[in-house]
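Student: Below is the structure I would like to discuss, written out as structure tokens.
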Amino acid sequence: MSEEQWVSLSSEEFDQLQKYSEYSSKKIKDVLAEFNEGGSLRQYDPHKPISYDVFKLFMRAYLEVDLPQPLSTHLFLAFSQKPRQETPDHPKEGASSSEPNVSDYNSDNAAKADEACAPDTESKTTKTQAPSKELEAAAPWEDPGALASSSDAPVVYLKDVVCYLSLMETGRPQDKLEFMFRLYDSDENGLLDQAEMDQIVSQMLHVAQYLEWDPTELRPILKEMLQGMDYDKDGFVSLQEWINGGMTTIPLLVLLGMDDSGSKGDGRHAWTLKHFKKPTYCNFCRAMLMGVGKQGLCCIYCKYTVHQRCVSKTIHGCVKTNSKAKRSGEVMQHAWVEGNSSVKCDRCHKSIKCYQSVTARHCVWCRMTFHRKCELSTVCDGGELKDHILLPTSICPVSGDRQGGKSDGSVAAKGELVTQYKIIPSPGTHPLLVLVNPKSGGRQGERILRKFHYLLNPEQVFNLDNGGPTPGLNFFHDTPDFRVLACGGDGTVGWILDCIDKANFTKHPPVAVLPLGTGNDLARCLRWGGGYEGGSLTKILKEIEQSPLVMLDRWYLEVMPREEVENGDQVPYNIMNNYFSIGVDASIAHRFHMMREKHPEKFNSRMKNKLWYFEFGTSETFAATCKKLHDHIELECDGVEVDLSNIFLEGIAILNIPSMYGGTNLWGETKKNRAVIRESRKSVTDPKELKCCVQDLSDQLLEVVGLEGAMEMGQIYTGLKSAGRRLAQCSSVTIRTNKLLPMQVDGEPWMQPQCTIKITHKNQAPMMMGPPQKSSFFSLRRKSRSKD
């Protein structure tokens with residue numbers, strides 16, 4: 001390992017690589033299978049060093065796109081090293097290992113562990129670090145082709161690359177440990193020697209540094225882990241010894257991506273490594289957490305905080321999230337956690353100093369904080385979020401012999417005695433079911449998930465990656481007056497509404513939205529905004545308490561292709577919540593979608609998205625792929641054909657809500673003196689009558705808008721033009737096409753061969769409205785002047 005020549009990625013490049021990994025549908029195991037017979041990489045030997053060209057092929061197979069040249073070159077140089085010299089400690093593949101001298105191994109074990117965990121002076125994660133001089137000579141930055149053409153060009157060992165990338169993937173820690181073991185067990189004898197373990201630990205340390213861990217804490221922990229893994233002291237580590245050692249090293253589990261879903265309610269902490277912005281003390285040893293990176297481990301459920309070195313000690317357990325009593329009526333007691341409460345005491349209202357870690361404590365459930373001498377009643381009522389929170393005394397067990405799953409959606413073996421839980425909420429409360437899509441908004445969803453785990457009971461917060469909305473809906477199925485908070489984009493909201501339909505509720509629960517990411521047209525219409533920007537979640541929860549209800553129309557989308565045509569792309573949804581369009585805007589959206597899948601790092605902000613949309617709109621203006629759309633479609637509104645022969649259109653949009661493309665209103669505003677609320681649902685196509693038609697998301701009517709071209713679409717999107725051309729307002733729409741055309745529903749585009757499309761009303765879903773926007777100073781001035 002001493003001959004290794006590391007070139008660190010910058011933090012921006014590491015984030016860029018993670019985004020590519022998140023967008024890819026492939027796993028490392030899938031790509032390794034390509035080296036087998038019949039695979040796309042079958043002509044290469046994965047056990048031998050690979051060149052830059054093979055490295056690019058491997059990364060393309062894994063990420064499904066070509067990496068940008070600077071990132072690809074820098075990543076290759078980060079793994080490049082001189083060919084390894086075979087030593088007795090690292091036997092050749094297929095060779096039988098001679099039995100080592102156990103005493104020599106034990107005496108040298110600590111030294112080897114020190115070497116594996118030693119500081120890597122050539123891998124500091126600085127943004128400006130350049131390749132070493134030796135590598136620059138072999139592979140100049142400006143000429144990546146020299147990486148392959150030079151006779152002494154650097155190479156990489158595929159094992160190192162695979163181990164590194166596998167640490168970035170989601171999955172169970174025990175699966176990652178087993179995967180890395182089998183990856184480095186080159187002779188397949190079921191044993192790892194010290195050199196092989198050193199290589200794995202080296203990759204772990206590099207990933208940890210990119211994640212802003214403080215290596216001064218992690219190195220001695222990994223050193224101790226290596227020393228203790230070899231339980232029988234025979235000089236080698238078996239698979240079971242490797243997994244047992246890794247699964248009992250909590251900082252390593254956090255690095256591997258600890259799955260905390262199974263620890264809810266059983267008193268186990270769910271740890272995350274954290275950087276503290278203010279002085280913080282260890283709850284075990286009382287010493288301050290030091291360091292410039294992420295200094296310590298913090299439980300996402302109760303905020304119990306410890307050093308990495310203290311986490312393996314005998315520490316207090318986490319809070320219980322449910323009750324052991326089989327009947328309601330149990331009195332809820334405070335669940336105290338000491339220290340790290342730099343706020344005012346809720347009794348004496350005096351400030352609590354950060355160093356008073358022993359003299360003050362706070363309750364996990366109600367958030368009340370007291371000096372020890374100021375504590376009042378021991379009874380906890382849930383605090384300011386008591387209308388939403390499920391206290392542990394409200395989740396009671398019901399034992400029974402049942403084949404299937406628990407009431408919270410988890411699966412049990414046949415005939416196994418499982419513990420079911422029922423929710424008995426406090427009178428007058430409205431328990432909140434929180435469903436979080438961790439993939440929404442980049443990493444924003446993951447942070448939101450952790451915050452809600454602390455603000456509410458972890459039992460009522462569900463990760464949509466673990467079985468979707470169904471487990472949470474099943475857990476709350478018989479709970480009266482509960483509400484749902486959907487955390488994600490419009491697609492996540494539609495997914496949750498579909499699952500609510502299938503859950504057969506007697507009364508559908510109302511749904512509020514915490515929008516993550518960009519776009520979020522439905523959330524905008526419901527006044528929840530275009531995207532969460534880091535405000536107080538407690539404030540949002542208080543706003544939900546006062547939210548009025550509105551019924552959202554939902555529509556069937558039936559696409560019937562003609563029998564004689566070939567199958568096109570798969571239709572994304574058969575339910576429409578927001579809008580459907582065909583023609584120029586769908587063509588732009590399709591190009592936008594394809595480019596975002598290929599280069600996700602270029603679409604990480606609303607401003608960048610608008611610029612890309614403008615570029616695609618400009619190119620579509622010259623291409624005019626949907627010119628003379630009226631020659632290729634027939635439009636019927638409530639069974640009446642709309643004459644398009646005298647209208648030169650390149651696109652048609654069917655609207656349910658007054659927002660599209662992140663806030664664009666294609667229907668336009670209707671002046672108040674012209675607005676007419678229609679009592680009948682008869683189709684309206686007369687241009688004069690359409691000027692008076694008001695758009696409403698709960699009127700069981702659709703609005704049909706025509707678009708003249710990409711230039712007009714761009715003007716509407718950028719605010720230079722108010723709206724498109726109103727064609728109709730009706731309760732059902734039928735469209736027939738005679739050629740391949742771009743289409744989209746709720747922001748998901750596809751290419752559709754000739755077909756018949758029918759849009760009819762499905763049902764209405766109760767949604768919660770956000771608070772009305774506060775009037776600005778200038779609007780108040782205008783109002784006061786008008787009164788004068």
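Backbone N, Cα and C define each Cβ position, glycine as well.
Keep in mind the model is a prediction, meaning the values are calculated, not measured.
Sharing the features that Swiss-Prot gives for it:
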| type | residues | note |
| --- | --- | --- |
| REGION | 83-149 | region 'Disordered' |
| COMPBIAS | 83-93 | compositional bias 'Basic and acidic residues' |
| COMPBIAS | 111-125 | compositional bias 'Basic and acidic residues' |
| DOMAIN | 172-207 | domain 'EF-hand 1' |
| BINDING | D185, D187, N189, E196 | Ca(2+) 1 binding site |
| DOMAIN | 217-252 | domain 'EF-hand 2' |
| BINDING | D230, D232, D234, E241 | Ca(2+) 2 binding site |
| ZN_FING | 268-318 | zinc finger |
| ZN_FING | 333-380 | zinc finger |
| DOMAIN | 427-561 | domain 'DAGKc' |
| REGION | 765-788 | region 'Disordered' |
Student: Apart from D230, D232, D234, E241, which residues in this chain have a Cβ no more than 8 Å from the mean position of the Cβ atoms of those residues at the Ca(2+) 2 site?
Tutor: M229, Y231, K233, G235, F236, V237, S238
Student: What same-chain residues, at least 6 away in sequence, bring their CB to under 8 Å of the CB of E241 (Ca(2+) 2 binding site)?
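Tutor: Counting only residues 6 or more apart in sequence, the Cβ neighbours of E241 (Ca(2+) 2 binding site) under 8 Å are M229, D230, Y231, D232.
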Student: So for D185 (Ca(2+) 1 binding site), how many other CB atoms are inside 10 Å of its CB?
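Tutor: Within a 10 Å radius of the Cβ of D185 (Ca(2+) 1 binding site) lie 16 other Cβ atoms.
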Student: Per DSSP, what is the residue count of the zinc finger (268-318) in each of helix, strand and coil?
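Tutor: Looking at the zinc finger (268-318) with DSSP, the answer is 0 helix, 13 strand, 38 coil.
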Student: Where does E196 (Ca(2+) 1 binding site) sit in the DSSP three-state scheme?
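Tutor: E196 (Ca(2+) 1 binding site) sits in a helix per DSSP.
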Student: Going by DSSP, is D230 (Ca(2+) 2 binding site) sitting in a helix, a strand, or coil?
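Tutor: Looking at the DSSP assignment, D230 (Ca(2+) 2 binding site) belongs to neither helix nor strand, so coil.
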Student: Can you count the other CB atoms that lie within 10 A of the CB of D230 (Ca(2+) 2 binding site)?
Tutor: 22
Student: Determine, from DSSP, whether D185 (Ca(2+) 1 binding site) sits in helix, strand or coil.
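Tutor: In the DSSP reduction, D185 (Ca(2+) 1 binding site) maps to coil.
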Student: Would you mind ranking the binding-site residues E196, D232 by how many other Cβ atoms sit within 10 Å of each Cβ and giving me the lowest?
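Tutor: Each of the binding-site residues E196, D232 was scored by Cβ atoms within 10 Å; lowest is D232.
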Student: Do me a favour and check the Cα-Cα span between E196 (Ca(2+) 1 binding site) and D234 (Ca(2+) 2 binding site); whole Å is fine.
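Tutor: Per the Cα atoms, E196 (Ca(2+) 1 binding site) and D234 (Ca(2+) 2 binding site) stand 15 Å apart.
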Student: Through the lens of DSSP with three states only, how would you label E241 (Ca(2+) 2 binding site)?
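Tutor: SS state of E241 (Ca(2+) 2 binding site) = helix.
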